[in-house]
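I have placed the structure first, in the form of structure tokens, so that the comments after it can refer back to it.
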Amino acid sequence: MSLTVDQQKQAAARAAIDYIENDWVVGVGTGSTANHFIDALATIKDRIDGAVASSEASAQRLKAHGIRVFELTAVGELPIYVDGADEINANLQMIKGGGAALTREKIVAQCADKFICIADESKLVRVLGQFPLPVEVIPMARSLVGRAMVKLGGHPAWREDCVTDNGNWIIDVHGLTIDEPIKLETAINQIPGVVTNGIFALRPADVLLLGKTSGVEVFKNPASAR
Ligand SMILES: O=C(CO)[C@H](O)[C@H](O)COP(=O)(O)O
């Protein structure tokens, strides 16, 4: 058996189904791996109550499968959140936002008791930062935030064709070596006009289901009680 990248994503997504208990409302991420998860969730839709989506795209896919979609405000807390990542390190800290859904992803993840990251093996890295760091900004703050990112050692690029589900813009910051993810996540979020940035270190994943060429490997966050 030698799984392709897409098969690795699908295998990780299917493995996440084992963590879903009856009558749960499931937090659902965004992206190609999360899409595999939504498709897998459809096979057990009769034993769950529904889902909360981290993007309009995921909400549409869930609804197309006949899965009930709740507003987060109607549910409050969630037992679980399942999502992909652009990069993840050994502490299960991540870069997310390649699909521009980082803010809603961070909000839904924060409401979840357990965060399961599903990813193909290319996403596991030693140090975060090879993938350009997405930062969601209020449009009028784009230049201000860009200059601040240069001071932090990055090379910002405006994702010109992208408006987020929240009506904001994305700056992708290249060239960062993120040795201290919590520190940088916190620092960037202090810049006026930043909605949030794609470092998920203050709230890392609890479990990583990593699809590899040989199958799925499970990593548990040693710092997590969940
Ligand atoms: O953060 C995300 C979207 O904002 C995705 O989780 C991330 O981009 C990974 O995507 P994919 O599963 O397609 O590789």
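Even glycines carry a Cβ here, placed using N, Cα and C.
Here the Cβ of Glu105 (active site, proton acceptor) has 30 other Cβ atoms within 10 Å, regardless of which shown protein chain they belong to. Glu105 (active site, proton acceptor) carries a helical DSSP state (H, G or I). Residues or ranges marked as active site, proton acceptor in TrEMBL: Glu105.
Annotation for Ala85 (substrate binding site): same-chain Cβ neighbours under 8 Å, separated by at least 6 residues, are Met94, Ile95, Lys96, Cys117, Ala119, Lys123, Phe200, Ala205. Summarising the annotation, TrEMBL assigns substrate binding site to Thr30, Gly31, Ser32, Thr33, Asp83, Gly84, Ala85, Asp86, Lys96, Gly97, Gly98, Gly99, Lys123.
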Additional residues around substrate, ordered along the sequence, whose Cβ is within 8 Å of the centroid of Thr30, Gly31, Ser32, Thr33, Asp83, Gly84, Ala85, Asp86, Lys96, Gly97, Gly98, Gly99, Lys123: Gly29, Ala34, Ala101, Ala119
Distance, Asp83 (substrate binding site) to Glu105 (active site, proton acceptor) (CA atoms, angstrom): 8
In the chain carrying Ser32 (substrate binding site), residues 6 or more apart in sequence that have Cβ under 8 angstroms from it: Asp6, Lys9, Gly84
For Gly98 (substrate binding site): intrachain residues, at least 6 apart, with Cβ closer than 8 Å: Gly31, Asp86, Phe131, Pro134
Extent of the substrate binding site in Å [max Cα distance among Thr30, Gly31, Ser32, Thr33, Asp83, Gly84, Ala85, Asp86, Lys96, Gly97, Gly98, Gly99, Lys123]: 15
